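S.K.: One structure is given below, represented as structure tokens, and several questions about it will come after.
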Amino acid sequence: MQNKQEQWTVLKRLMSYLKPYGLLTFLALSFLLATTVIKSVIPLVASHFIDQYLSNLNQLAVTVLLVYYGLYILQTVVQYVGNLLFARVSYSIVRDIRRDAFANMEKLGMSYFDKTPAGSIVSRLTNDTETISDMFSGILSSFISAVFIFLTTLYTMLVLDFRLTALVLLFLPLIFLLVNLYRKKSVKIIEKTRSLLSDINSKLAENIEGIRIIQAFNQEKRLQAEFDEINQEHLVYANRSVALDALFLRPAMSLLKLLGYAVLMAYFGYRGFSIGITVGTMYAFIQYINRLFDPLIEVTQNFSTLQTAMVSAGRVFALIDERTYEPLQENGQAKVQEGNIRFEHVCFSYDGKHPILDDISFSVNKGETIAFVGHTGSGKSSIINVLMRFYEFQSGRVLLDDVDIRDFSQEELRKNIGLVLQEPFLYHGTIKSNIAMYQETSDEQVQAAAAFVDADSFIQELPQGYDSPVSERGSSFSTGQRQLLAFARTVASQPKILILDEATANIDSETESLVQASLAKMRQGRTTIAIAHRLSTIQDANCIYVLDKGRIIESGTHEELLALGGTYHKMYSLQAGAMADTL
């Protein structure tokens with residue numbers, strides 16, 4: 001829970017985003033100040049009219065009335081411009097905060113995403129930033145306007161009659177006590193409400209992502225119950241927040257204002273005429289009480305939103321300040337030449353406690369293909385994670401062209417490694433943009449890459465060809481078509497190293513022959529590392545490494561490993577037997 005000091009820290013940091021918009025903010029504040037000055041003058045004009053002209057209407061009285069209504073019109077126009085300027089500042093600040101949060105998120109390492117639900121991140125970048133926007137566009141201007149109005153009104157009241165002003169000021173300590181009490185009680189409830197909203201987003205994202213599995217295994221009722229539980233808890237805390245607002249805000253503040261009226265009227269009735277207080281002055285004071293209390297009522301009504309904004313800003317800043325980055329590179333000056341890879345006694349653990357890779361050593365050169373096989377959890381994909389620098393290894397060396405992998409920049413490393421995953425990921429856009437990945441790739445290069453992997457044939461059959469739209473995750477294409485597009489994307493980037501992470505695992509046997517032909521062409525002249533479930537797809541590898549519990553237990557060609565009669569032989573025999581049973 002945020003304490004008072006943390007809230008001030010968050011608020012000061014939010015205010016720092018105002019710096020680039022200093023002139024715009026100054027103009028907005030100027031218009032707000034002008035609005036409050038006009039509001040303060042209007043009751044004086046009314047008071048003067050009541051005392052001087054109400055019983056003696058003449059041409060000058062008409063002029064005073066015109067001034068009175070003209071001030072109201074001017075106040076409306078000036079207030080509109082001020083609010084408009086504040087809204088522009090608000091949206092600009094939220095844009096900057098989202099930009100900073102997204103930029104930092106893009107640099108975070110895989111370990112952060114392993115432990116943070118996607119829905120929680122989305123909630124911070126959308127819901128929480130929208131709450132911050134509400135604070136700047138409405139609440140902040142209300143707070144500043146309230147301060148201006150309070151000070152100008154108080155000054156005008158003191159000039160008009162200090163005795164009546166002293167009576168009104170007796171209520172101020174009660175107001176500040178009320179606001180402080182509300183602040184203390186509301187913070188915890190608001191933080192819990194925002195946290196539960198984040199949980200709802202996470203649960204929604206998880207269910208949408210896994211809807212096929214949920215329906216296939218009849219998990220709808222169980223997950224509905226889990227969602228209802230979180231949703232109900234959110235409702236409970238939301239109702240608590242509303243109840244707190246209803247108790248401490250308008251009813252309490254309105255009661256204080258009515259008490260102020262009562263005290264003022266009683267004092268006027270008891271001593272008003274004897275000490276020379278005019279009806280016009282009394283009218284002006286009633287108006288000033290409204291102007292004194294109404295901004296305070298508005299501020300207290302917006303206080304819950306301010307508290308919510310403080311909590312939301314704290315969550316967004318936590319994302320901006322997150323430093324679980326990808327492994328750091330050293331000087332980053334090295335360039336990939338051939339793409340020769342060597343692991344020397346590499347050990348790796350995701351949590352620093354449980355080893356995933358234990359003393360891994362192997363090498364592969366340009367034009368060669370090696371493969372890693374093993375049961376689930378044996379460490380196959382972890383080797384790729386280490387090579388791609390998604391995670392930092394604890395000991396050993398990883399060399400690329402005999403240069404420590406840390407001496408390459410992330411950009412140099414990633415642009416020379418083509419990664420093809422088991423589940424090809426396509427972005428919302430077009431086929432052309434998915435192959436080019438928004439790089440400076442010509443249409444001819446895109447088409448050549450597609451033709452190289454035999455994807456051109458089905459693309460040309462589409463009504464819009466390479467400009468055909470791609471829906472989210474490419475759901476309108478078959479698995480084989482999505483994989484061919486992923487191959488074309490890799491070829492278009494012209495990498496020196498090719499990594500195939502079970503690239504054919506989800507493809508049917510009929511499509512596999514086409515995909516394998518494309519893979520064979522892609523591997524030519526490149527350093528290739530393949531992770532395979534189907535052993536039939538890696539029989540032509542120069543060397544096959546068998547992993548078990550993070551260690552290499554066997555290595556050799558397909559024929560050598562079969563002759564060895566070990567783990568690989570058993571795995572191959574099981575797959576061959578399963579294949580025979582299906583025929």
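Every residue gets a Cβ built from N, Cα and C, even glycine.
According to Swiss-Prot, the ATP binding site annotation covers Gly374, His375, Thr376, Gly377, Ser378, Gly379, Lys380, Ser381. What Swiss-Prot lists as domain 'ABC transmembrane type-1' is 25-308, and the listing cites sequence analysis. Annotation comment: Swiss-Prot describes 341-574 as domain 'ABC transporter', evidence class sequence analysis. The annotation transmembrane segment is assigned in Swiss-Prot to 26-46, 61-81, 135-155, 159-179, 259-279.
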S.K.: Return the residue, from the listed binding-site residues Thr376, Ser378, Ser381, with the maximum count of other C-beta atoms within 10 angstroms of its C-beta.
M.R.: Ser378
S.K.: According to DSSP, collapsed to three classes, what secondary structure does Gly374 (ATP binding site) have?
M.R.: strand
S.K.: Would you mind ranking the binding-site residues Gly374, Gly377, Gly379 by how many other Cβ atoms sit within 10 Å of each Cβ and giving me the lowest?
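M.R.: Sparsest of the binding-site residues Gly374, Gly377, Gly379 by Cβ contacts within 10 Å: Gly377.
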S.K.: Can you work out which residues elsewhere in the same chain, 6+ from the ends of the transmembrane segment (135-155), have a Cβ less than 8 Å from its Cβ atoms?
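M.R.: For the transmembrane segment (135-155), the nonlocal Cβ contacts are 14, 28-29, 32-33, 35-37, 39-40, 82-83, 86-87, 89-91, 93-94, 165, 288, 291-292, 295-296, 298-299, 302, 305-306, 309, 313.
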S.K.: Determine, from DSSP, whether Gly379 (ATP binding site) sits in helix, strand or coil.
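M.R.: In the DSSP reduction, Gly379 (ATP binding site) maps to coil.
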S.K.: For each of the binding-site residues (His375, Lys380), count the other CB atoms lying within 10 A of its CB, then report the residue with the highest count.
M.R.: Lys380
S.K.: How about long-range neighbours of the transmembrane segment (26-46): same chain, 6 or more residues beyond its ends, C-beta under 8 Å?
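M.R.: Same-chain contacts beyond the ends: 64, 67-68, 71-72, 74-75, 78-79, 81-82, 85-86, 89, 141, 144-145, 148-149, 152-153, 155-156, 160, 280, 283-284, 287-288, 291.
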S.K.: Would you list, in sequence order, the residues of this chain other than Gly374, His375, Thr376, Gly377, Ser378, Gly379, Lys380, Ser381 that have their CB within 8 A of the centroid of the site's CB atoms, where the site is the one recorded for ATP?
M.R.: Ser382, Leu547
S.K.: State the mean pLDDT for the domain 'ABC transporter' (341-574).
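M.R.: The answer is 86, the mean pLDDT of the model over that range.
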